[in-house]
Amino acid sequence: MQTCPALLLLLLATGALLARCSPTDSSCLHFSQFLPARLRELRSKFGEIKDYFQSKDDELSIQLLSSELLDEFKGTFGCQSVSEMMKFYTEEVLPRARRTSTHHQQSMDDLGNLLLSLKATMKRCHRFFTCEKRSKTIKHIKETFEKMNINGIYKAMGEFDIFINYIEEYLLMRREK
């Protein structure tokens, strides 16, 4: 009868683990309800700096965020692409953009924090988002961004609204599944 205490201990441990995980799962179930508000916040914050960065973008023949990226967002490994692009903006674009304008630093900090929060939610709700594969399109975006030097900052920030639209399309697509 020593199997009973071991089984009971296993059941208690499993119950404790499930109890600890349930708040995360329930917040993930409501993800689609807070998504529109989060996207409005991103658009509003970007609206505060959009004119500045788009007016500085002289490279009108180059587009960083093409429809290829949107296709990747909508593809099988969309989560990885969205995650990589959020990392690209929070770790590369926004820190460099902050140095170009002291007047817009708070808005850029807010944008970065909103992206980090959205990324954390996606990570916490990982069972709803499959993230596995590296993206050739994003590699190309990063290479072009680097080649453009300071103009890459203006280009990437000027196209931030496209990025928000692509995030929205991806998340709405995931919500429907």
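Glycine too: its Cβ is placed from the backbone N, Cα and C atoms.
The record in TrEMBL pairs Cys28 in a disulfide bond with Cys125, which is drawn from Cys125, Cys131. Each residue contributes its Cα atom, and for Cys79 (disulfide bond) and Cys28 (disulfide bond) those atoms are 15 Å apart. Counting every protein chain shown, the number of other Cβ atoms lying within 10 Å of the Cβ of Cys125 (disulfide bond) is 16. Counting neighbouring Cβ atoms within 10 Å of each of the disulfide-bonded residues (Cys28, Cys79), the lowest count belongs to Cys28.
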